[in-house]
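Among the features that TrEMBL reports, signal peptide is placed at 1-21. Annotated disulfide bond per TrEMBL: Cys31-Cys51, in sequence order. Annotation source TrEMBL lists domain 'Cupin type-1' at 65-215. The oxalate binding site feature in TrEMBL is assigned to Asn110, His115, Glu120. The feature Mn(2+) binding site is assigned by TrEMBL to His113, His115, Glu120, His161.
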Amino acid sequence: MRKAYIVTVALFALAFSLVSASDPDPLQDFCVALKDYSDSKSAVFVNGKFCKDPKLVTPEDFFFEGLNIAGNTDNKVGSNVTTVNVDTLPGLNTLGISLVRIDFAPYGENPPHTHPRGTEILVVVEGTLFVGFVTSNPENRLFTKTLNKGDVFVFPVGLIHFQLNVGKTNAIAISGLSSQNAGVITIADAVFGSNPPINPDVLTKAFQLDKNVVEELQKEFGDHNY
């Protein structure tokens with residue numbers, strides 16, 4: 001009976017730890033991340049960053065400017081992401097939230113990608129976007145929607161998703177993410193542009209493509225010219 005109780009408690013503890021697997025709640029008002037680690041000997045290490053001495057924190061640590069400036073979309077995919085996370089806004093450390101601005105040229109795309117550590121909620125500021133995400137195996141169900149100015153859409157954590165400007169004019173979107181650093185994995189870059197490259201035989205089998213096609217794709221994405 002005692003063994004059964006211990007096993008039950010252990011299973012509940014495991015389940016709880018999995019459910020709680022996200023940015024931890026802060027145990028203090030703030031923990032501004034240190035950009036200069038030269039003072040790290042006297043700092044506290046929290047959630048991947050050293051905390052600045054609270055007595056030395058200033059309003060600038062909670063401030064970011066320039067999100068009104070359009071990003072350069074002159075690239076192969078016709079989009080640009082301006083990220084406001086813990087690396088650019090130190091005051092976000094331990095707060096479990098970040099922000100991005102996405103600029104789209106006409107018919108530009110934010111290619112299929114995932115955020116391994118955060119759910120994304122997007123609002124269209126200008127233009128019209130075709131967006132969607134795909135659920136996990138085995139269903140791989142596709143959810144899509146055409147969004148206009150003021151419309152909001154959410155992309156669940158970890159799922160592959162995309163945004164495409166279907167208009168003839170520039171488009172802008174703002175997204176909030178449920179992590180101070182949600183991370184991003186662009187599918188094509190990760191699969192065909194990894195460093196070092198994945199063995200072409202692996203990708204030939206996985207994607208059922210001719211090996212020459214795989215090698216051409218690796219040459220294209222291996223340049224990382226996005």
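The backbone N, Cα and C atoms fix where each Cβ goes, glycine too.
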To which of the binding-site residues His113, His115, His161 does the lowest count of other Cβ atoms within 10 Å belong?
His113
Residues close to Mn(2+) site centre defined by His113, His115, Glu120, His161, Cβ within 8 Å
Thr114, Phe133, Phe155, Leu159, Ile160, Ala182, Val184
Show, in sequence order, which residues other than Asn110, His115, Glu120 on the same chain lie with their Cβ within 8 Å of the centre of the Cβ atoms of the oxalate site.
Val100, His113, Thr114, Leu122, Phe155, His161, Gln163, Ser175, Leu177, Ala182, Val184
Out of Cys31, Cys51, give me whichever of these disulfide-bonded residues has the highest number of other Cβ atoms within 10 Å.
Cys31
Other than its own, how many Cβ atoms are within 10 Å of the Cβ belonging to Asn110 (oxalate binding site)?
26
Looking at the recorded positions listed here (Cys31, Cys51, His161), whose Cα lies nearest to that of Glu120 (oxalate binding site)?
His161
Cβ density check for Glu120 (oxalate binding site), other Cβ within 10 Å (all protein chains) comes to 24
Measure from the Cα of Cys51 (disulfide bond) to the Cα of every one of the binding-site residues His113, His115, His161, then give the nearest.
His115
For His161 (Mn(2+) binding site), the close recorded positions (Cα within 10 Å) drawn from Cys31, Asn110, His115 turn out to be Asn110, His115
One should report the C-alpha separation between Asn110 (oxalate binding site) and Cys31 (disulfide bond), rounded to whole angstrom, as 32
Taking the Cα atoms as reference points, how far is His113 (Mn(2+) binding site) from Cys31 (disulfide bond) in Å?
30
